[in-house]
């Protein structure tokens with residue numbers, strides 16, 4: 001079924017449209033600022049309650065909690081995630097280069113705090129492999145692992161205290177950074193970590209985690225390498241020490257992998273049929289602990305075990321704040337990574353379940369979680385990929401899941417923790433490696449990424465290669481810089497197109513893609529699909545000059561001819577009046593000027609600014625310069641579809657002294673209709689357009 005539309009209306013310039021439909025402006029703007037300030041500073045009971053609910057969301061969602069409908073799903077999901085937190089917390093503590101008990105603390109305190117301050121209904125916080133790996137690199141730089149140390153000696157206790165002091169200092173400083181970012185409303189900074197960067201970074205970091213766990217799986221006592229090329233240094237060190245592999249720990253690792261990998265694959269493939277995933281990690285931990293205890297493998301085969309896990313809560317203590325200057329740079333990277341991953345996860349599940357999160361409030365939630373937890377010997381935490389996925393698939397509906405998760409961890413801290421004394425560290429290393437399945441499978445997205453956007457594909461490859469080859473922090477920075485450079489390059493090399501009109505319509509499209517459209521006689525309609533600023537002004541000028549034929553030689557020749565014509569015309573008038581004699585030289589100059597004009601019958605240039613999202617002072621001055629050059633060529637310049645900010649900068653940069661303000665139109669068709677009517681009736685002021 002076809003349909004048609006006909007419109008008969010006035011031709012609108014920007015000034016005329018604003019006079020007819022624009023709103024009144026406050027010249028000073030003081031009233032608007034004053035109203036905003038008084039609105040923000042107004043103190044009332046209702047305003048205080050609103051602020052309280054915004055900053056402490058539990059007061060907002062808990063009164064609306066549907067007990068009968070949601071409690072069962074939240075309970076099952078919370079308990080399931082809590083059971084998973086126990087082995088993962090201890091395993092990721094090894095990545096952080098601290099004792100496993102601190103991983104349990106980090107699986108408890110941040111969970112409770114995020115439940116109070118967080119806005120993500122399906123977000124599970126706690127220990128995360130990537131954040132733990134980055135924190136572990138900082139710890140190893142400041143407190144390197146000694147090759148020989150008796151775990152039961154007094155020196156070992158002081159060594160562990162020093163290490164957790166550094167890790168807690170990273171958590172405290174990270175929390176301070178996040179709270180400062182919240183106060184400055186800098187939540188948008190996470191958007192600089194695009195999806196290809198995040199996925200490539202996670203995948204590459206997973207390789208670092210896997211390589212770092214090989215020594216524990218093989219029973220090798222090797223120092224942990226940090227800095228650039230640490231991936232290859234660790235791999236070479238492991239290969240050189242393969243003859244010293246502890247056979248008993250290798251067998252434990254192989255058996256653990258043989259159990260963990262298939263069962264986790266079953267959990268993934270049959271997640272829709274399983275009410276809750278099989279807790280294979282905690283079962284593996286329990287069985288391995290019992291076997292080592294019953295057979296005394298630790299003393300017979302020198303298997304490295306977890307050791308003493310004290311029961312009860314940790315005593316609050318001040319982190320090693322004296323290390324702040326040394327850890328500031330690395331902590332800033334950890335902050336950005338942790339926040340970006342957390343917000344990305346929260347947004348994914350918020351979109352899936354039809355609710356919204358507040359990115360800036362997430363800064364406050366994770367900032368408070370890290371800052372407060374640091375005083376209870378916790379290392380940095382964030383939202384976790386695996387447990388968030390399990391929480392959602394197990395039927396979790398609200399943040400109340402965190403209550404049941406923390407209760408499970410609390411029971412372990414108070415009662416069960418010491419029973420894991422004989423747990424082999426090789427089992428925890430296997431849990432670390434198998435938890436990276438989703439991260440390692442990010443390569444599956446590459447074919448689709450190549451098909452959709454080759455630039456994003458290159459961003460993925462550069463980020464992944466940089467993180468693997470160099471280091472986690474430096475690789476991430478290179479990925480971000482490269483991504484920003486691709487954006488800059490794309491804005492610098494935007495093509496300028498000539499628009500043609502579709503017959504009997506007001507539709508204008510690029511001629512290179514629409515060969516049935518036609519150019520309006522005497523009018524060159526150009527469009528530029530990008531910003532015009534100091535970085536691309538030269539390219540923009542080159543494109544425009546090429547399309548309009550504005551070469552310096554041609555401009556000088558036409559300007560010289562025009563001045564000669566004006567001079568001869570003046571002299572001819574005098575000669576005709578005083579002597580009655582015609583000037584034959586005037587005829588030759590006029591013929592030359594007319595022949596030049598006949599070579600190019602261009603009378604007007606119309607620039608469609610609909611895709612020019614912003615312009616700076618350099619771009620505005622370029623417009624002024626081009627307007628002057630076109631006038632020298634006898635060509636009028638018109639603008640259309642300018643947004644308010646672009647138009648404001650242009651008018652403020654003295655463009656209107658070189659251009660008629662009535663040559664700026666609301667649409668391209670308004671400008672074309674005006675130009676055509678001026679050609680047909682130059683002496684009349686017609687002001688209607690028929691579409």
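Even glycines carry a Cβ here, placed using N, Cα and C.
Annotated transmembrane segment per TrEMBL: 70-86 (among others), in sequence order.
Taken from TrEMBL, the feature transmembrane segment covers 92-116 (among others). When Cβ-Cβ distances below 8 Å are used as the criterion, the transmembrane segment (92-116) is approached by residues 56-58, 85-86, 123-129, 132-133, 135-136, 139-140, 143, 145, 160, 163-164, 167, 209, 212-213, 216, 224, 306-307, 309-310, 314, 365-366, 368-370, 372-373, 376-379, 381, 399-400, 402-403, 405-406, 409-410, 412-413, 417, 420, 423, 425, 428-429, 432 of the same chain, each at least six residues removed from its ends.
Note on the transmembrane segment (123-144): residues 81, 85, 88-89, 92-93, 95-98, 103, 106-107, 110-111, 114, 159, 162-163, 166-167, 170-171, 201-202, 205-206, 208-209, 212, 223-224, 226-227, 230, 323, 326-327, 330-331, 333-334, 337-338, 341-342, 345-346, 349, 366, 369, 379-385, 387-388, 390-391, 399, 401-402, 405, 432, 435-436, 439, 471-473 of its chain, located 6 or more positions outside it, place their CB under 8 angstroms from a CB of the stretch. Annotated transmembrane segment per TrEMBL: 123-144 (among others), in sequence order.
The transmembrane segment annotation in TrEMBL covers 164-188 (among others).
According to TrEMBL, the transmembrane segment annotation covers 282-303 (among others). Tertiary neighbourhood of the transmembrane segment (282-303): same-chain residues 83-84, 86-87, 90, 219, 246-249, 252, 256, 259-260, 419-424, 426-428, 430-431, selected by CB-CB distance under 8 Å and a gap of 6+ residues from either end.
With a cut-off of 8 Å between Cβ atoms, the residues of this chain six or more beyond the transmembrane segment (323-350) that come close are 118-123, 125, 128, 130-131, 134-135, 137-138, 142, 165-166, 169-170, 173-174, 177-178, 181, 187, 189-190, 193, 195, 198, 201-202, 356-357, 359, 362-363, 366, 380-383, 385, 388, 392, 472-473, 476-477. TrEMBL lists 323-350 (among others) with the feature transmembrane segment.
Below 8 angstroms of C-beta separation, residues 62, 65, 70-71, 74-75, 77-79, 81-83, 85-86, 89-90, 100-101, 104-105, 107-108, 111-112, 114-115, 124-125, 285, 288-289, 292-293, 298, 305-313, 391 of the same chain, each at least six residues beyond the ends of the transmembrane segment (400-423), sit close to that stretch. Taken from TrEMBL, the feature transmembrane segment applies to 400-423 (among others).
TrEMBL lists 457-483 (among others) with the feature transmembrane segment.
Each residue in the domain 'STAS' (513-675) has a pLDDT score, and their mean in this model is 76. Summarising the annotation, TrEMBL assigns domain 'STAS' to 513-675.
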